[in-house]
Amino acid sequence: MSFKLKTIDLFRGHRRCNHSFLFGSADLKQGADRDETPPRTPTGNAPSSESDIDASSPSNDLVSSSNDIVVSQEEDERLAKELSLKEAAAHDLSHRPKRRRFHESYNFNMKCPTPGCNSLGHLTGRHERHFSISGCPLYHNLSADECKAPSDRQLRYKEKVTELRRKRNSGLNKEQKDNHVEHRQSHGASREPLLENITSDYDLELFRKAQARASEDLEKLRLAGQVSEGSNMIKTIVFGRYELDTWYHSPYPEEYARLGRLYMCEFCLKYMKSQTILRRHMVKVFLRVSEINPMYFPLAISTHRQIYCQNLCLLAKLFLDHKTLYYDVEPFLFYVMTEADSTGCHLVGYFSKEKNSFLNYNVSCILTMPQYMRQGYGKMLIDFSYLLSKVEEKVGSPERPLSDLGLISYRSYWKEVLLRYLNNFQGKEISIKEISQETAVNPVDIVSTLQSLQMLKYWKGKHLVLKRQDLIDDWKAKETKRGNGKTIDPKALKWTPPKGT
(Lines of atoms letter the chains of each structure in order from A; the text may use other names.)
(Lines give C-alpha, C1' and ligand atoms only; values in the text may rest on other atoms or scores of the structure.)
Protein backbone atom coordinates (compact mmCIF):
# COMPACT_ATOMS: atom_id res chain seq x y z
CA MET A 1 0.00 0.00 0.00
CA SER A 2 2.86 2.37 0.79
CA PHE A 3 4.28 1.72 -2.69
CA LYS A 4 0.98 2.69 -4.27
CA LEU A 5 0.63 5.92 -2.29
CA LYS A 6 4.17 6.87 -3.16
CA THR A 7 3.47 6.31 -6.83
CA ILE A 8 0.39 8.53 -6.74
CA ASP A 9 2.32 11.34 -5.05
CA LEU A 10 5.07 11.16 -7.63
CA PHE A 11 2.52 11.18 -10.40
CA ARG A 12 0.75 14.24 -9.05
CA GLY A 13 4.02 16.07 -8.58
CA HIS A 14 5.00 15.29 -12.13
CA ARG A 15 1.72 16.60 -13.48
CA ARG A 16 1.97 19.80 -11.48
CA CYS A 17 5.45 20.37 -12.77
CA ASN A 18 4.32 19.69 -16.30
CA HIS A 19 1.40 22.11 -16.14
CA SER A 20 3.49 24.90 -14.65
CA PHE A 21 5.87 24.49 -17.56
CA LEU A 22 2.98 24.73 -20.01
CA PHE A 23 1.70 27.92 -18.44
CA GLY A 24 5.19 29.40 -18.51
CA SER A 25 5.41 28.63 -22.22
CA ALA A 26 2.02 30.18 -22.83
CA ASP A 27 3.02 33.38 -21.02
CA LEU A 28 6.21 33.58 -23.00
CA LYS A 29 4.31 33.10 -26.23
CA GLN A 30 1.79 35.76 -25.32
CA GLY A 31 4.64 38.13 -24.40
CA ALA A 32 6.26 37.45 -27.75
CA ASP A 33 2.97 38.17 -29.51
CA ARG A 34 2.61 41.47 -27.67
CA ASP A 35 6.12 42.47 -28.67
CA GLU A 36 5.40 41.85 -32.35
CA THR A 37 2.16 43.94 -32.41
CA PRO A 38 2.48 47.50 -33.66
CA PRO A 39 2.31 50.39 -31.13
CA ARG A 40 -1.11 51.65 -30.24
CA THR A 41 -2.50 55.17 -30.57
CA PRO A 42 -3.85 57.07 -27.58
CA THR A 43 -7.29 55.73 -28.43
CA GLY A 44 -6.03 52.16 -28.05
CA ASN A 45 -6.29 51.25 -31.79
CA ALA A 46 -3.40 50.28 -33.96
CA PRO A 47 -2.56 52.72 -36.72
CA SER A 48 -3.86 51.79 -40.13
CA SER A 49 -1.02 53.32 -42.14
CA GLU A 50 2.15 55.31 -41.84
CA SER A 51 0.17 58.57 -42.29
CA ASP A 52 -1.49 57.98 -38.94
CA ILE A 53 1.89 58.07 -37.22
CA ASP A 54 2.56 61.72 -37.78
CA ALA A 55 4.14 64.32 -35.56
CA SER A 56 1.57 66.29 -33.61
CA SER A 57 1.19 69.88 -34.60
CA PRO A 58 1.69 72.66 -32.06
CA SER A 59 -1.98 73.53 -32.28
CA ASN A 60 -2.91 70.15 -30.88
CA ASP A 61 -0.59 70.26 -27.86
CA LEU A 62 -3.27 71.54 -25.53
CA VAL A 63 -5.77 68.95 -26.65
CA SER A 64 -3.22 66.20 -26.26
CA SER A 65 -2.22 67.28 -22.79
CA SER A 66 -5.84 67.47 -21.71
CA ASN A 67 -6.61 64.02 -23.06
CA ASP A 68 -3.57 62.39 -21.47
CA ILE A 69 -5.32 62.21 -18.09
CA VAL A 70 -8.46 60.57 -19.55
CA VAL A 71 -6.46 58.10 -21.64
CA SER A 72 -4.23 57.13 -18.73
CA GLN A 73 -7.29 56.43 -16.57
CA GLU A 74 -8.85 54.29 -19.31
CA GLU A 75 -5.55 52.45 -19.81
CA ASP A 76 -5.28 51.72 -16.08
CA GLU A 77 -8.83 50.35 -16.02
CA ARG A 78 -8.14 48.18 -19.05
CA LEU A 79 -4.93 46.80 -17.56
CA ALA A 80 -6.64 46.08 -14.22
CA LYS A 81 -9.44 44.25 -16.06
CA GLU A 82 -6.94 42.13 -18.03
CA LEU A 83 -5.06 41.32 -14.81
CA SER A 84 -8.24 40.14 -13.07
CA LEU A 85 -9.12 37.99 -16.09
CA LYS A 86 -5.65 36.44 -15.96
CA GLU A 87 -6.00 35.60 -12.28
CA ALA A 88 -9.40 34.02 -12.90
CA ALA A 89 -7.98 32.01 -15.78
CA ALA A 90 -5.13 30.80 -13.56
CA HIS A 91 -7.67 29.15 -11.21
CA ASP A 92 -9.85 27.83 -14.04
CA LEU A 93 -8.73 24.29 -15.00
CA SER A 94 -11.25 23.77 -17.79
CA HIS A 95 -8.78 24.92 -20.43
CA ARG A 96 -6.17 22.37 -19.32
CA PRO A 97 -5.79 19.17 -21.36
CA LYS A 98 -7.28 16.01 -19.88
CA ARG A 99 -4.94 13.99 -17.70
CA ARG A 100 -3.36 11.20 -19.65
CA ARG A 101 -3.09 7.64 -18.48
CA PHE A 102 -0.48 6.86 -15.86
CA HIS A 103 1.69 4.70 -18.07
CA GLU A 104 1.64 7.29 -20.89
CA SER A 105 2.99 10.11 -18.79
CA TYR A 106 5.00 8.55 -15.98
CA ASN A 107 8.47 7.54 -17.05
CA PHE A 108 10.51 7.33 -13.88
CA ASN A 109 11.51 3.67 -14.49
CA MET A 110 8.89 2.25 -12.16
CA LYS A 111 8.72 -1.55 -12.21
CA CYS A 112 6.22 -4.16 -11.08
CA PRO A 113 7.26 -5.70 -7.71
CA THR A 114 6.41 -9.23 -8.91
CA PRO A 115 9.67 -11.21 -9.45
CA GLY A 116 10.33 -11.95 -13.11
CA CYS A 117 7.73 -9.47 -14.42
CA ASN A 118 8.71 -6.89 -17.04
CA SER A 119 5.73 -4.60 -16.25
CA LEU A 120 4.20 -5.16 -19.69
CA GLY A 121 0.46 -5.71 -20.05
CA HIS A 122 -2.34 -5.16 -17.59
CA LEU A 123 -4.92 -7.40 -15.94
CA THR A 124 -7.77 -5.42 -17.50
CA GLY A 125 -6.27 -5.76 -20.99
CA ARG A 126 -6.75 -2.02 -21.57
CA HIS A 127 -3.29 -0.72 -20.65
CA GLU A 128 0.12 -1.36 -22.05
CA ARG A 129 1.99 -1.34 -18.71
CA HIS A 130 1.39 -1.87 -15.01
CA PHE A 131 3.31 -1.02 -11.87
CA SER A 132 1.45 -2.84 -9.08
CA ILE A 133 0.49 -6.38 -8.11
CA SER A 134 -3.20 -5.65 -8.57
CA GLY A 135 -2.70 -5.16 -12.31
CA CYS A 136 0.06 -7.74 -12.86
CA PRO A 137 -0.95 -10.61 -15.20
CA LEU A 138 2.00 -12.75 -14.03
CA TYR A 139 0.93 -12.45 -10.39
CA HIS A 140 -2.51 -13.78 -11.39
CA ASN A 141 -0.90 -16.67 -13.34
CA LEU A 142 -1.84 -15.18 -16.70
CA SER A 143 0.02 -13.77 -19.68
CA ALA A 144 -0.32 -10.31 -21.15
CA ASP A 145 -1.96 -11.73 -24.28
CA GLU A 146 -4.55 -13.62 -22.23
CA CYS A 147 -5.60 -10.38 -20.56
CA LYS A 148 -6.07 -8.38 -23.75
CA ALA A 149 -9.59 -7.40 -24.69
CA PRO A 150 -11.10 -9.46 -27.54
CA SER A 151 -10.76 -8.04 -31.02
CA ASP A 152 -13.67 -7.34 -33.37
CA ARG A 153 -12.90 -10.58 -35.21
CA GLN A 154 -13.08 -12.54 -31.96
CA LEU A 155 -16.36 -10.90 -31.03
CA ARG A 156 -17.86 -11.77 -34.43
CA TYR A 157 -16.66 -15.37 -34.03
CA LYS A 158 -18.21 -15.51 -30.56
CA GLU A 159 -21.53 -14.35 -31.93
CA LYS A 160 -21.31 -16.98 -34.66
CA VAL A 161 -20.61 -19.73 -32.13
CA THR A 162 -23.50 -18.58 -29.96
CA GLU A 163 -25.79 -18.78 -32.95
CA LEU A 164 -24.58 -22.29 -33.81
CA ARG A 165 -25.15 -23.48 -30.26
CA ARG A 166 -28.71 -22.23 -30.32
CA LYS A 167 -29.42 -24.92 -32.88
CA ARG A 168 -28.88 -27.60 -30.26
CA ASN A 169 -31.55 -30.26 -30.12
CA SER A 170 -34.10 -29.84 -27.37
CA GLY A 171 -33.41 -33.30 -26.00
CA LEU A 172 -33.41 -37.02 -26.68
CA ASN A 173 -36.59 -38.70 -27.74
CA LYS A 174 -37.63 -42.07 -26.34
CA GLU A 175 -36.00 -44.09 -29.12
CA GLN A 176 -32.70 -42.27 -28.74
CA LYS A 177 -32.75 -42.75 -24.96
CA ASP A 178 -33.34 -46.47 -25.42
CA ASN A 179 -30.37 -46.65 -27.80
CA HIS A 180 -28.14 -44.92 -25.25
CA VAL A 181 -29.23 -47.25 -22.45
CA GLU A 182 -28.78 -50.33 -24.61
CA HIS A 183 -25.31 -49.20 -25.70
CA ARG A 184 -24.24 -48.60 -22.11
CA GLN A 185 -25.57 -51.95 -20.95
CA SER A 186 -23.95 -53.80 -23.82
CA HIS A 187 -20.46 -52.25 -23.65
CA GLY A 188 -20.20 -50.61 -20.23
CA ALA A 189 -16.99 -48.65 -19.74
CA SER A 190 -15.21 -50.44 -22.59
CA ARG A 191 -16.77 -48.08 -25.17
CA GLU A 192 -17.30 -44.37 -25.34
CA PRO A 193 -20.92 -43.33 -24.67
CA LEU A 194 -23.04 -42.23 -27.60
CA LEU A 195 -22.59 -38.49 -27.96
CA GLU A 196 -24.97 -37.70 -30.80
CA ASN A 197 -28.02 -35.56 -30.06
CA ILE A 198 -26.87 -34.64 -26.54
CA THR A 199 -25.16 -31.38 -27.57
CA SER A 200 -24.91 -29.09 -30.56
CA ASP A 201 -23.20 -30.29 -33.73
CA TYR A 202 -20.63 -27.52 -33.33
CA ASP A 203 -19.55 -28.65 -29.85
CA LEU A 204 -19.48 -32.30 -30.91
CA GLU A 205 -17.23 -31.45 -33.83
CA LEU A 206 -14.88 -29.50 -31.56
CA PHE A 207 -14.73 -32.46 -29.18
CA ARG A 208 -13.87 -34.86 -31.99
CA LYS A 209 -11.10 -32.56 -33.21
CA ALA A 210 -9.68 -32.31 -29.68
CA GLN A 211 -9.72 -36.11 -29.37
CA ALA A 212 -7.85 -36.47 -32.67
CA ARG A 213 -5.28 -33.85 -31.69
CA ALA A 214 -4.65 -35.47 -28.30
CA SER A 215 -4.26 -38.87 -29.95
CA GLU A 216 -1.78 -37.44 -32.44
CA ASP A 217 0.27 -35.83 -29.65
CA LEU A 218 0.40 -39.12 -27.73
CA GLU A 219 1.50 -40.92 -30.86
CA LYS A 220 4.37 -38.45 -31.32
CA LEU A 221 5.44 -38.96 -27.71
CA ARG A 222 5.32 -42.73 -28.17
CA LEU A 223 7.45 -42.59 -31.32
CA ALA A 224 9.91 -40.32 -29.50
CA GLY A 225 10.24 -42.91 -26.73
CA GLN A 226 8.79 -40.63 -24.06
CA VAL A 227 5.64 -42.70 -23.57
CA SER A 228 5.44 -46.48 -23.38
CA GLU A 229 2.47 -48.62 -22.50
CA GLY A 230 2.42 -50.25 -19.06
CA SER A 231 5.15 -48.12 -17.44
CA ASN A 232 4.98 -45.28 -14.97
CA MET A 233 4.51 -42.22 -17.12
CA ILE A 234 4.01 -39.65 -14.37
CA LYS A 235 7.46 -38.13 -14.40
CA THR A 236 6.74 -34.78 -12.75
CA ILE A 237 3.98 -33.13 -10.75
CA VAL A 238 3.23 -29.42 -10.48
CA PHE A 239 2.54 -28.85 -6.80
CA GLY A 240 1.99 -25.24 -5.78
CA ARG A 241 5.01 -23.23 -6.83
CA TYR A 242 7.17 -26.36 -7.19
CA GLU A 243 7.66 -28.86 -9.99
CA LEU A 244 8.69 -32.17 -8.43
CA ASP A 245 10.26 -35.21 -10.09
CA THR A 246 8.60 -38.45 -8.99
CA TRP A 247 10.57 -41.44 -7.69
CA TYR A 248 8.19 -44.42 -7.91
CA HIS A 249 5.02 -45.58 -9.59
CA SER A 250 1.66 -44.65 -8.09
CA PRO A 251 -1.64 -46.29 -9.13
CA TYR A 252 -3.41 -43.21 -10.46
CA PRO A 253 -6.31 -43.83 -12.86
CA GLU A 254 -5.14 -44.85 -16.31
CA GLU A 255 -6.30 -41.66 -18.01
CA TYR A 256 -4.01 -39.70 -15.68
CA ALA A 257 -1.19 -42.26 -15.59
CA ARG A 258 -0.74 -41.82 -19.34
CA LEU A 259 0.33 -38.22 -18.84
CA GLY A 260 3.91 -37.24 -18.27
CA ARG A 261 2.92 -34.49 -15.84
CA LEU A 262 0.14 -34.06 -13.29
CA TYR A 263 -1.14 -30.77 -11.89
CA MET A 264 -2.19 -30.91 -8.24
CA CYS A 265 -3.98 -28.53 -5.93
CA GLU A 266 -1.68 -28.18 -2.94
CA PHE A 267 -4.64 -27.66 -0.61
CA CYS A 268 -7.12 -30.44 -1.43
CA LEU A 269 -4.59 -32.60 -3.38
CA LYS A 270 -6.93 -33.07 -6.32
CA TYR A 271 -5.03 -34.10 -9.44
CA MET A 272 -5.74 -32.59 -12.85
CA LYS A 273 -4.56 -32.89 -16.43
CA SER A 274 -3.66 -29.32 -17.38
CA GLN A 275 -2.68 -25.94 -16.02
CA THR A 276 -5.96 -24.44 -17.22
CA ILE A 277 -8.04 -26.92 -15.23
CA LEU A 278 -5.88 -26.27 -12.17
CA ARG A 279 -6.32 -22.51 -12.53
CA ARG A 280 -10.09 -22.83 -12.73
CA HIS A 281 -10.07 -25.20 -9.75
CA MET A 282 -8.05 -22.80 -7.61
CA VAL A 283 -10.61 -20.07 -8.24
CA LYS A 284 -13.53 -22.06 -6.88
CA VAL A 285 -11.86 -24.42 -4.42
CA PHE A 286 -13.34 -24.36 -0.93
CA LEU A 287 -11.42 -27.07 0.90
CA ARG A 288 -8.26 -25.88 2.62
CA VAL A 289 -5.90 -27.91 4.73
CA SER A 290 -6.29 -25.31 7.47
CA GLU A 291 -9.96 -26.29 7.78
CA ILE A 292 -8.85 -29.83 8.71
CA ASN A 293 -6.89 -28.66 11.76
CA PRO A 294 -3.61 -30.03 10.36
CA MET A 295 -1.47 -29.65 13.47
CA TYR A 296 -2.11 -31.79 16.55
CA PHE A 297 -5.41 -33.22 15.29
CA PRO A 298 -6.19 -36.48 13.43
CA LEU A 299 -8.28 -36.31 10.28
CA ALA A 300 -11.62 -37.89 11.00
CA ILE A 301 -12.86 -39.80 7.98
CA SER A 302 -15.82 -38.13 6.32
CA THR A 303 -16.81 -37.81 2.68
CA HIS A 304 -14.50 -35.02 1.53
CA ARG A 305 -11.78 -35.83 4.07
CA GLN A 306 -11.74 -39.44 2.93
CA ILE A 307 -11.06 -38.26 -0.61
CA TYR A 308 -8.34 -35.99 0.75
CA CYS A 309 -6.67 -38.93 2.52
CA GLN A 310 -6.90 -41.09 -0.60
CA ASN A 311 -5.27 -38.35 -2.66
CA LEU A 312 -2.62 -38.00 0.05
CA CYS A 313 -1.81 -41.72 -0.17
CA LEU A 314 -1.54 -41.60 -3.96
CA LEU A 315 0.76 -38.61 -3.69
CA ALA A 316 2.93 -40.33 -1.06
CA LYS A 317 3.32 -43.43 -3.25
CA LEU A 318 5.15 -41.28 -5.80
CA PHE A 319 7.98 -40.92 -3.25
CA LEU A 320 7.72 -44.16 -1.21
CA ASP A 321 8.69 -47.57 -2.49
CA HIS A 322 7.05 -49.88 0.09
CA LYS A 323 3.71 -48.12 0.50
CA THR A 324 0.66 -50.31 -0.19
CA LEU A 325 -2.26 -48.28 1.23
CA TYR A 326 -4.13 -46.25 -1.38
CA TYR A 327 -7.92 -46.24 -1.08
CA ASP A 328 -8.91 -48.11 2.11
CA VAL A 329 -8.14 -45.27 4.50
CA GLU A 330 -10.92 -45.76 7.05
CA PRO A 331 -8.89 -47.90 9.57
CA PHE A 332 -6.19 -45.20 9.80
CA LEU A 333 -5.67 -41.80 11.37
CA PHE A 334 -3.80 -39.17 9.38
CA TYR A 335 -1.72 -36.39 10.93
CA VAL A 336 -0.82 -33.65 8.45
CA MET A 337 1.81 -30.97 9.00
CA THR A 338 1.56 -27.73 7.05
CA GLU A 339 3.48 -24.48 6.75
CA ALA A 340 1.17 -21.47 6.93
CA ASP A 341 1.66 -18.13 5.21
CA SER A 342 -0.54 -15.41 3.74
CA THR A 343 -1.65 -17.65 0.85
CA GLY A 344 -2.72 -20.66 2.92
CA CYS A 345 -1.40 -23.84 4.55
CA HIS A 346 1.15 -25.69 2.40
CA LEU A 347 1.69 -29.42 2.84
CA VAL A 348 5.04 -30.23 4.48
CA GLY A 349 4.53 -33.88 5.40
CA TYR A 350 2.31 -36.35 7.20
CA PHE A 351 2.20 -39.66 8.97
CA SER A 352 -0.58 -42.18 9.43
CA LYS A 353 -1.21 -44.77 12.13
CA GLU A 354 -3.69 -47.56 12.66
CA LYS A 355 -6.62 -46.92 14.94
CA ASN A 356 -6.14 -50.36 16.51
CA SER A 357 -2.62 -51.71 16.16
CA PHE A 358 -1.98 -55.08 17.81
CA LEU A 359 1.78 -54.61 17.49
CA ASN A 360 1.73 -51.07 18.95
CA TYR A 361 2.88 -49.41 15.74
CA ASN A 362 2.72 -45.63 16.23
CA VAL A 363 3.44 -44.92 12.55
CA SER A 364 2.22 -46.81 9.49
CA CYS A 365 3.47 -44.43 6.84
CA ILE A 366 5.49 -41.22 7.10
CA LEU A 367 6.52 -38.77 4.40
CA THR A 368 8.20 -35.40 4.15
CA MET A 369 7.64 -33.65 0.82
CA PRO A 370 10.86 -33.44 -1.25
CA GLN A 371 10.94 -29.64 -1.22
CA TYR A 372 11.01 -29.66 2.61
CA MET A 373 13.57 -32.43 3.15
CA ARG A 374 16.78 -31.84 5.12
CA GLN A 375 15.15 -29.03 7.08
CA GLY A 376 14.29 -30.88 10.29
CA TYR A 377 10.64 -31.58 9.49
CA GLY A 378 11.15 -35.37 9.36
CA LYS A 379 12.45 -35.54 12.94
CA MET A 380 9.69 -33.19 13.98
CA LEU A 381 7.06 -35.61 12.65
CA ILE A 382 8.79 -38.58 14.33
CA ASP A 383 9.00 -36.70 17.62
CA PHE A 384 5.32 -35.87 17.40
CA SER A 385 4.40 -39.52 16.83
CA TYR A 386 6.29 -40.53 19.99
CA LEU A 387 4.67 -37.67 21.91
CA LEU A 388 1.27 -39.13 21.05
CA SER A 389 2.50 -42.53 22.29
CA LYS A 390 3.51 -40.94 25.60
CA VAL A 391 0.03 -39.45 25.98
CA GLU A 392 -1.45 -42.88 25.24
CA GLU A 393 0.99 -44.35 27.78
CA LYS A 394 2.27 -46.83 25.22
CA VAL A 395 5.59 -47.83 23.73
CA GLY A 396 5.66 -47.28 19.99
CA SER A 397 7.63 -48.27 16.95
CA PRO A 398 7.27 -47.60 13.19
CA GLU A 399 5.80 -50.24 10.95
CA ARG A 400 8.31 -52.19 8.89
CA PRO A 401 9.74 -52.20 6.30
CA LEU A 402 11.06 -48.66 6.41
CA SER A 403 12.20 -46.85 3.30
CA ASP A 404 15.87 -45.96 2.96
CA LEU A 405 15.34 -42.33 3.90
CA GLY A 406 12.92 -43.33 6.66
CA LEU A 407 15.45 -45.70 8.22
CA ILE A 408 18.11 -42.98 8.21
CA SER A 409 15.73 -40.49 9.84
CA TYR A 410 14.61 -42.93 12.56
CA ARG A 411 18.18 -44.03 13.43
CA SER A 412 19.21 -40.40 13.72
CA TYR A 413 16.22 -39.67 15.97
CA TRP A 414 16.82 -42.70 18.21
CA LYS A 415 20.50 -41.76 18.55
CA GLU A 416 19.59 -38.22 19.56
CA VAL A 417 17.02 -39.44 22.13
CA LEU A 418 19.46 -41.90 23.75
CA LEU A 419 22.35 -39.43 23.95
CA ARG A 420 20.07 -36.81 25.51
CA TYR A 421 18.80 -39.34 28.05
CA LEU A 422 22.34 -40.49 28.96
CA ASN A 423 23.54 -36.90 29.26
CA ASN A 424 20.78 -36.11 31.77
CA PHE A 425 21.05 -39.44 33.62
CA GLN A 426 22.61 -39.14 37.10
CA GLY A 427 22.17 -42.69 38.49
CA LYS A 428 24.67 -45.54 38.65
CA GLU A 429 22.63 -48.32 37.04
CA ILE A 430 20.60 -47.94 33.90
CA SER A 431 17.86 -50.15 32.51
CA ILE A 432 16.63 -50.59 28.94
CA LYS A 433 13.10 -50.82 30.30
CA GLU A 434 13.43 -47.49 32.10
CA ILE A 435 14.73 -45.81 28.93
CA SER A 436 11.80 -47.26 26.99
CA GLN A 437 9.22 -46.04 29.49
CA GLU A 438 10.78 -42.59 29.60
CA THR A 439 11.11 -42.09 25.84
CA ALA A 440 8.24 -44.31 24.54
CA VAL A 441 10.78 -45.97 22.19
CA ASN A 442 10.51 -49.71 21.73
CA PRO A 443 13.27 -51.69 23.58
CA VAL A 444 14.22 -53.47 20.34
CA ASP A 445 14.94 -50.09 18.72
CA ILE A 446 16.91 -48.97 21.77
CA VAL A 447 19.12 -52.07 21.70
CA SER A 448 19.79 -51.80 17.97
CA THR A 449 20.74 -48.14 18.36
CA LEU A 450 23.09 -48.86 21.29
CA GLN A 451 24.76 -51.60 19.26
CA SER A 452 25.27 -49.27 16.29
CA LEU A 453 26.86 -46.72 18.65
CA GLN A 454 29.06 -49.46 20.21
CA MET A 455 27.62 -48.62 23.63
CA LEU A 456 26.33 -52.11 24.45
CA LYS A 457 28.84 -54.73 25.65
CA TYR A 458 28.50 -58.28 26.95
CA TRP A 459 30.74 -58.95 29.97
CA LYS A 460 30.63 -61.88 32.44
CA GLY A 461 27.20 -63.02 31.35
CA LYS A 462 25.68 -59.52 31.57
CA HIS A 463 24.90 -56.78 29.08
CA LEU A 464 26.43 -53.45 30.03
CA VAL A 465 25.59 -50.01 28.68
CA LEU A 466 28.71 -47.90 28.21
CA LYS A 467 28.35 -44.17 28.63
CA ARG A 468 30.63 -42.89 25.89
CA GLN A 469 31.39 -39.30 26.82
CA ASP A 470 33.00 -38.54 23.46
CA LEU A 471 29.72 -39.22 21.62
CA ILE A 472 27.77 -37.18 24.16
CA ASP A 473 30.21 -34.25 23.80
CA ASP A 474 29.93 -34.37 20.00
CA TRP A 475 26.13 -34.37 20.26
CA LYS A 476 26.17 -31.40 22.69
CA ALA A 477 28.45 -29.45 20.33
CA LYS A 478 26.10 -30.08 17.40
CA GLU A 479 23.09 -29.09 19.49
CA THR A 480 24.76 -25.83 20.47
CA LYS A 481 25.69 -25.08 16.88
CA ARG A 482 22.22 -25.99 15.60
CA GLY A 483 20.36 -23.83 18.11
CA ASN A 484 16.73 -24.39 19.01
CA GLY A 485 15.73 -25.63 15.55
CA LYS A 486 12.34 -27.19 14.92
CA THR A 487 10.94 -28.87 18.02
CA ILE A 488 7.56 -29.88 19.41
CA ASP A 489 6.34 -28.16 22.56
CA PRO A 490 4.60 -30.88 24.64
CA LYS A 491 2.76 -28.24 26.67
CA ALA A 492 1.01 -26.99 23.53
CA LEU A 493 -0.50 -30.40 22.77
CA LYS A 494 -4.26 -30.51 23.32
CA TRP A 495 -5.22 -34.00 22.23
CA THR A 496 -7.24 -36.91 23.56
CA PRO A 497 -6.58 -40.44 22.27
CA PRO A 498 -9.38 -41.64 20.00
CA LYS A 499 -11.72 -44.16 21.53
CA GLY A 500 -10.92 -47.78 20.81
CA THR A 501 -7.15 -47.26 20.58
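Backbone N, Cα and C atoms are what each Cβ position is placed from, and that goes for glycine too.
If you check TrEMBL, you get these features:
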- Glu399: active site, proton donor/acceptor (ACT_SITE)
- 46-68: compositional bias 'Low complexity' (COMPBIAS)
- 174-192: compositional bias 'Basic and acidic residues' (COMPBIAS)
- 481-492: compositional bias 'Basic and acidic residues' (COMPBIAS)
- 229-497: domain 'MYST-type HAT' (DOMAIN)
- 28-75: region 'Disordered' (REGION)
- 163-192: region 'Disordered' (REGION)
- 481-501: region 'Disordered' (REGION)
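For the domain 'MYST-type HAT' (229-497), the model's pLDDT averages out at 84. Of all the Cβ atoms in the protein chains shown, 17 others lie within 10 Å of the Cβ of Glu399 (active site, proton donor/acceptor). Sorting the compositional bias 'Basic and acidic residues' (174-192) by DSSP state (H, G, I as helix; E, B as strand; all else coil) yields 17 helix, 0 strand, 2 coil. Each residue of the compositional bias 'Basic and acidic residues' (481-492) gets a DSSP state, and the totals for helix, strand and coil are 5 helix, 0 strand, 7 coil.
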